[in-house]
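Student: Encoded as structure tokens, here's the structure I'll be asking about.
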Amino acid sequence: MDTQAFRRSLHHSDRYNRRGFDSPTKRAQALEEAYQSDLISSIRDNGFTYTKGRLNIKLAQAFGFCWGVERAVAMAYETRRHYPNENIWITNEIIHNPSVNDHLRKMNVKFISAKNGIKDFSLVSNGDVVILPAFGATVQEMKLLHEKGCHIIDTTCPWVSKVWHTVEKHKKHVFTSIIHGKFKHEETLATSSFAGKYLVVLDLEEANYVSEYILGKGNRNEFMNKFSKAFSNGFDPDKDLDRVGVANQTTMLKSETEEIGKVFERTMLKKFGPENLNSHFLAFNTICDATEERQDAMFSLVDEDLDILVVIGGFNSSNTTHLQEIAITKNISSFHIDTPERISVKENSIFHKPLGSELELKKNFLPSGKINVGITSGASTPDKVVADVIEKLIDIAS
């Protein structure tokens, strides 16, 4: 499929909307009423610090809702107001935040069900309204919904769309897209659907493994087994890794994405020489500004004198998970929670998710005496949720 041609035709359809329905001013007011917090605003104005009794709170200087998330959430709410009686569907979670998704369910927005990773669109009918989430949707899903006669409300973050343009450029010039991401993540599934040949690498370790293979030091069967769910149909590592371009899932760790780009640039330089580098490697710049800002702020926060650190965001949120990883590199006692309800004031306990593990209960997690607590949140977490967490910490400390 010519994905660029399809997207152009879709954008000209009278059943497609990527601008929403309200003015920017009205949209900002609605979000402020729903999700902003006077407490958080006050802490921002006070240099991102807040002291109450023995508790000293230090907020990251960039956290919470990014503008892409704000736009997606606002457009989803506007859609229900604009279509008060129609069937409204959404192809996935609008963002990785349980409270926001629960609110959409209360507005009678239906979530497309999936079994074994395959979505069931059989109940979606002609004239229904379908919201595409901030992560985007695969080009095959868009085509199916358009052919069904649905009204498509596209809340895809423009930074994600930028990555789609990048992999389409790779395809046009017959380069294989090396996508730094999680192959099951909604955003990476969408991005890979716009690519030609592609290979998804999770981290620097996998990138180095691929690099070694390109330089003739790997085993084909082992390679194919290792990446069996992470490459395009018909992918041949002996042919399709001679010309590569790098792209990324926008919520991945910025520093790792940059290093992966350098790995493949050095690999192609070594294999083909400097005079042929541009014929075998395409440079990239698909790192999201908001992701970069939040990760940079987290690196600054973990350099503070902290006793514990609380990271707030959906457990399936990639950008939140990477914030947790940064805390771990500094050996700070950190706790990843998705809602304030994970904290029990009465028990001084927290039900949290250690990186790569199942949920576990930590009792007496807030130490006695004066305590410095660092707090940050993922790009899908509203300020009100952060404020509710702080209020619980204050109640425990008092």
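From the backbone N, Cα and C atoms, a Cβ is placed for every residue, glycine too.
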Student: Looking at Swiss-Prot, HIS96, HIS185, SER317, SER318, ASN319, SER380 are annotated for (2E)-4-hydroxy-3-methylbut-2-enyl diphosphate. Which of THR250, THR257, THR267 sits in that same site?
Tutor: THR250
Student: Counting Cβ atoms within 10 Å of each candidate's own Cβ, which of the binding-site residues CYS66, HIS96, SER317, ASN319 comes out highest?
Tutor: HIS96
Student: Excluding CYS66, CYS157, CYS288, please set out which residues of the same chain place their CB within 8 Å of the center of the CB atoms of the [4Fe-4S] cluster site, keeping sequence order.
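Tutor: Leaving out the recorded residues gives TRP67, GLY68, VAL69, ALA134, PRO158, TRP159, VAL160, THR250, THR251, ASP289, ALA290, THR291, ALA379.
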Student: What is the set of residues, excluding HIS96, HIS185, THR250, SER317, SER318, ASN319, SER380, whose C-beta falls within 8 angstroms of the centroid of the C-beta atoms at the (2E)-4-hydroxy-3-methylbut-2-enyl diphosphate site?
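Tutor: Close Cβ neighbours, site residues excluded: ILE95, PHE135, GLU187, THR251, GLY314, ASN316, THR320, THR321, GLY378, ALA379.
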Student: So which of the binding-site residues is most packed in, judged by how many other Cβ atoms lie within 10 Å of its Cβ, out of THR250, SER380?
Tutor: SER380
